[in-house]
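> One structure, pasted below without further comment.
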Ligand code: GLN
């Protein structure tokens, strides 16, 4: 299995390290040709407006959007969650996204999160984090803050967190994503 990590801006190397901890090969994705041979892709945290511009500039947005809408496994953290939700970007999760949703005074914070399916809390690192609201019933909510702010969710082959699992030593979300890829591996590896 080879997992792509979108390498336009943001916390790229941290995801590569997490994949290495899970004994999975990572491939940095900067242009369309790089998509060949990967089995899933991670969209890292960073600045979603910058990553969006670079996706358009590198002509990666449309081919990647097509793949993702065809069922290609994807994991987005923070800005990655924003891009996977915004209709103009990947628009794969039906929900509203509130960028920088936790306000100035709580721009960055850390909190133990209880996540559906995990038997111990997950250490959530939030950095100008977004959250999801008005989540469609097609989306499975995995974690919330304040009852109604969705901070981890899954829609079929798309997994998102508003926080940064790649900044902790905890590989549970990456392992969850790897299992999701394994389930869909009969699907395809893109050859573009
Ligand atoms: N607030 C950023 C955005 O909307 C996301 C921050 C992050 O990825 N740490 O792009």
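All residue numbers here begin at 1 and follow the chain in the order shown.
Each Cβ is built from the backbone N, Cα and C atoms, and glycine gets one as well.
Below are the features I grabbed from TrEMBL:
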{"type": "ACT_SITE", "residues": "78", "note": "active site, nucleophile"}
{"type": "ACT_SITE", "residues": "164", "note": "active site, charge relay system"}
{"type": "ACT_SITE", "residues": "166", "note": "active site, charge relay system"}
{"type": "BINDING", "residues": "46, 47, 48, 99, 127, 128", "note": "L-glutamine binding site"}
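Just tell me what is around each of these and how deep it sits.
A coil conformation is recorded for residue 78 (active site, nucleophile) in the three-state DSSP classification, outside any helix or strand.
Residue density at residue 164 (active site, charge relay system): 24 other Cβ atoms are found within 10 A of its Cβ, drawing on all protein chains shown.
Around the Cβ of residue 166 (active site, charge relay system), a 10 Å sphere holds 28 further Cβ atoms from the protein chains shown.
Taking Cβ-Cβ distances under 8 Å and a sequence separation of 6 or more, the neighbours of residue 46 (L-glutamine binding site) in its chain are 8, 9, 10, 11, 78, 79.
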> As a check: which entries in 47, 48, 99, 127, 128, 166, the recorded positions, place their Cβ less than 6 Å from an atom of ligand 1?
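Listed by sequence, the hits are 47, 48, 99, 127, 128.
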> Taking the recorded L-glutamine site as 46, 47, 48, 99, 127, 128, identify the other residues of that chain whose CB atom sits within 8 Å of the mean position of the site's CB atoms, giving them in sequence order.
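Apart from 46, 47, 48, 99, 127, 128, the close residues are 10, 45, 78, 79, 82, 100, 130.
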> Around the Cβ of residue 99 (L-glutamine binding site), how many other Cβ atoms lie within 10 Å? Please give the count over every shown protein chain.
16
